[in-house]
Each structure stands twice: as structure tokens, then as C-alpha cells.
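Per TrEMBL, the features are as follows:
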type	residues	note
TRANSMEM	14-36	transmembrane segment
REGION	42-97	region 'Disordered'
COMPBIAS	71-80	compositional bias 'Basic and acidic residues'
BINDING	208-215, 290-294, 352-355	GTP binding site
DOMAIN	373-386	domain 'SRP54-type proteins GTP-binding'
Amino acid sequence: MLTPLLVSMLTDQALITIVVAIAVVLVVGTTGLVVARRRRAELPSATQPPSVEGGSTEVAEPQVGDDAEEPRDTPTRTLEDTELPEPTTPTIEKPESAQGRLVRLRARLARSQGSLGKGLLALLSRDKLDEEAWEDIETTLITADVGVAPTQELVEKLRTRMRVEGVGAQQAREILREELIALVNPALDRSLKVTRKEAQPAVVLVVGVNGTGKTTTVGRLARVLVAEDKHVVLGAADTFRAAAADQLQTWGERVGARTVRGPEGGDPASIAFDSVKEGIAEEADVVLVDTAGRLHTKTGLMDELGKVKRVIEKSAEVDEVLLVIDATTGQNGLTQARVFAEVIDVTGLVLTKLDGTAKGGIVIAVQRELGVPVKLVGLGEGADDLAPFDAEQFVDALLD
Ligand SMILES: Nc1nc2c(ncn2[C@@H]2O[C@H](COP(=O)(O)OP(=O)(O)OP(=O)(O)O)[C@@H](O)[C@H]2O)c(=O)[nH]1
């Protein structure tokens, strides 16, 4: 209690402050007590001691190591029946093998080249094969990019045979079929040199102008080879187009083939060399080297191609140089072929986008031009739309 002396020493204001403080302490203390009591009253019955079998209400105190939670009424899963999440690693595809690919794609070839075959057949089946009819036949062949010399040769043969043997549409079809097959030349060796030699993988170099389908061809060829159980290494020597190495790597990953790549804008010859070295170390069957698209008119770039090949040859023989030609480019494709063949020994031709042109005659023209066989044809944008070329199947598709 405040003594009268102390009270007299305090000012009025200080006195009021002390009284208010005491009142606040009393109010807060009382409220706390009331709330605590209410909470306890509201606690659910589960927190009450559970009744134990036998009627005893005594509760065992939890010990160290006891479960913190109440036991569940469902059995605990074992390791065996626990479902693991799906693995996220990409699944390796098993591509379609080369056999029968052209058969599968024949309808597509027939669709694009149908007008050439059917046009020729309609003209040859006329009752009267006069000069005008023969001129129309020539025009049809030249329009389809067969080329002037092969066209004249074919027309000459057809004229002779039709005069001697030709009676009726069926006969005309048979004669045309035989002469077209002879023109495409079934005797040419169209096999790909992709067999591993003693201690070395086969090396395939893929070349051509921009956008003809080189990277797509390398990717699809890798699929064909993997389907034949070959171990393939890809070399991304197209350091010119930024996305080319990624594009190639994606193709490789789909079939489990490793891609050797270097820095963007790096030296293509050194990447080609590294990929072959890697192929030797991995004991691969085939190394497929993709190169940058280069305009045949740019001398520097064309010389670079020769260098790429020479550098590879320091460690392995180059077994195939495949020149990729876009079939839709017609006569320009022929010019490209000529220039490439001057700087590098082309061993095989790949005609892409045959599905996108009615001018399948380019097959005949370009083979004649280079004396090199068409080995593969591209008939669509799909992963398995690359097929080994076959003279008879090609001609049959034209005449379907
Ligand atoms: N329709 C069709 N399209 C094709 C075929 N082959 C390739 N293509 C398409 O042609 C385009 C160019 O193909 P790429 O493989 O990138 O060409 P590239 O020659 O590597 O290109 P660069 O590296 O720029 O020289 C792509 O859109 C391919 O899908 C084919 O046979 N048919």
C-alpha cells in the first residue's frame, strides 16, 4: 500500500498512471484464465484416455522409439508392392528395317509419279502412233526431268519395239516397263558400303547443298543401320547451322546412337576426325558424318569438303560419299551434282523429296550425269521414309 507520505510526494498525473497500470494487469490476467479454462473444456473426447481391454483406464506413457501416430488399420506396404514411378530415361526405338520399305512407300511414289507413267502409257496405247504422239511422249519425258539424251534413247527404242511387237495396251505397258527399267539400270551396284572392316568402322560422309535433307538422311540412315543391329556413331560436322548438331543428336538419341559434336562454328574436319576416332575406339560398325550444306558455287566451301575427307583418311578409309539431292530442284540438282563430283569422289546418290515432285525422271538423269547409282530415296518427312532404291520397284510404281 502506498503510504500517505509517498502519495503526497507523487504528482496527480503519476498517480493516475499507476492506478491505470494496475487495472490493466488485473484485466489481462483474468481474461487469460477464463480462455484457458474454456479451451480445456472444448478438447475432443479422443484426447481422453482410451479405454483399454479389461476395463482398466490406465494409459502407458509413450516411450522412445514408439510410433508418434496411432497405428493404421491398413497393413503397411512392403518394398515389393510399392509402385515405383516410371523411369524418365528416353526409350530407344526399334526402327523399321530396310526390307520392304520401298514396297511400303510405293503407293506414295505412285501418287507423285503417276502422271509420268500414266501419261506415257496413254500415249503409247493410242491406236495410231503418229509423229505427234511420239513428240508428246518426248515432251512428257523431258518435262519429268529424264534429260534430253536419255529421252531420245528411250523414244528410239520404243519406236522400234512398238513397230515390231506393239499391239494393244497390255503389250505397250510391258515394252515401256522393260525399257524404263533398262534406262534406270538395274545392273548398278546400289548396296551401301556399311560393313566394318578388320579393325575399323565403315565411314560414310554425307554431302550436298543447303536444305537438301542431309541431316535428315543421316538420322534416317542411322535408323536403318540400327535396325540391322549395327553399332552406329554419328559425327555432327555441320558446324555452320546452329541447330544441325542438336537435330542430329535427337535422331541419334531415338535409336541409341552416340553423336560426336564440337563447338558451334568449329572446324568440321576436326569433328569428322574425332567422330571416326571415337568410332574406332567404340568398335562401331559405321560412322555417319553429316556435313554443312554448301553452295556448289562457293569455291572455299567446296574445298573445305575435300579437306574433311582428307583429314578422315588419316585414320580410316572413307567407304561412301553420299551426295544428297533434292528431287524438286530439277536441273539445278544436276548442276550441283556435277560440281560436287569434281571436288569429291561421290559413290552414291540420295534423292530426297521424291514425294514432293512429279519429276521422278531426275533419277535417270542424275545417274547418267555422274555415272553413280541412286542408292536411297526419300519419300516423306517421316523417320522411316527413306528407302533403298530399286529400279524395278521404282518403274512399277510409275506405271501403277
Ligand atoms: N517431303 C520430304 N521432305 C524431306 C525429305 N527429306 C528431308 N525433308 C525435309 O527437308 C527439310 C531439310 O532437311 P535437313 O535434313 O534439315 O536438310 P540439310 O541438308 O541438313 O540442311 P542444311 O544443314 O541447312 O544444309 C526438312 O524439313 C526435312 O524434313 C523427303 O524425302 N521428303
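The backbone N, Cα and C atoms fix where each Cβ goes, and this holds for glycine too.
Keep in mind that this is a model prediction, so the values were computed, not measured.
Broken down with DSSP, the domain 'SRP54-type proteins GTP-binding' (373-386) shows 0 helix, 6 strand, 8 coil.
With respect to ligand 1, the binding-site residues Lys214, Thr291, Arg294 contribute Lys214 as residues with a C-beta closer than 6 angstroms to one of its atoms, given in sequence order.
When Cβ neighbours within 10 Å are tallied across all protein chains shown, the highest count among the binding-site residues Lys214, Leu354 belongs to Leu354.
Taken together, the residues of the domain 'SRP54-type proteins GTP-binding' (373-386) have an average pLDDT of 95. Here the binding-site residues are Gly208, Arg294; the one with the fewest Cβ atoms within 10 Å of its Cβ is Arg294. Under 8 Å, Cβ to Cβ, and six or more positions away along its own chain, Gly211 (GTP binding site) finds Gly293, Asp326. Under a cutoff of 8 A between CB atoms, and with a sequence separation of 6+ in the same chain, the neighbours of Thr291 (GTP binding site) are Leu205, Val206, Val207, Lys214, Ala237, Asp238, Pro268, Ala272, Leu305, Val308.
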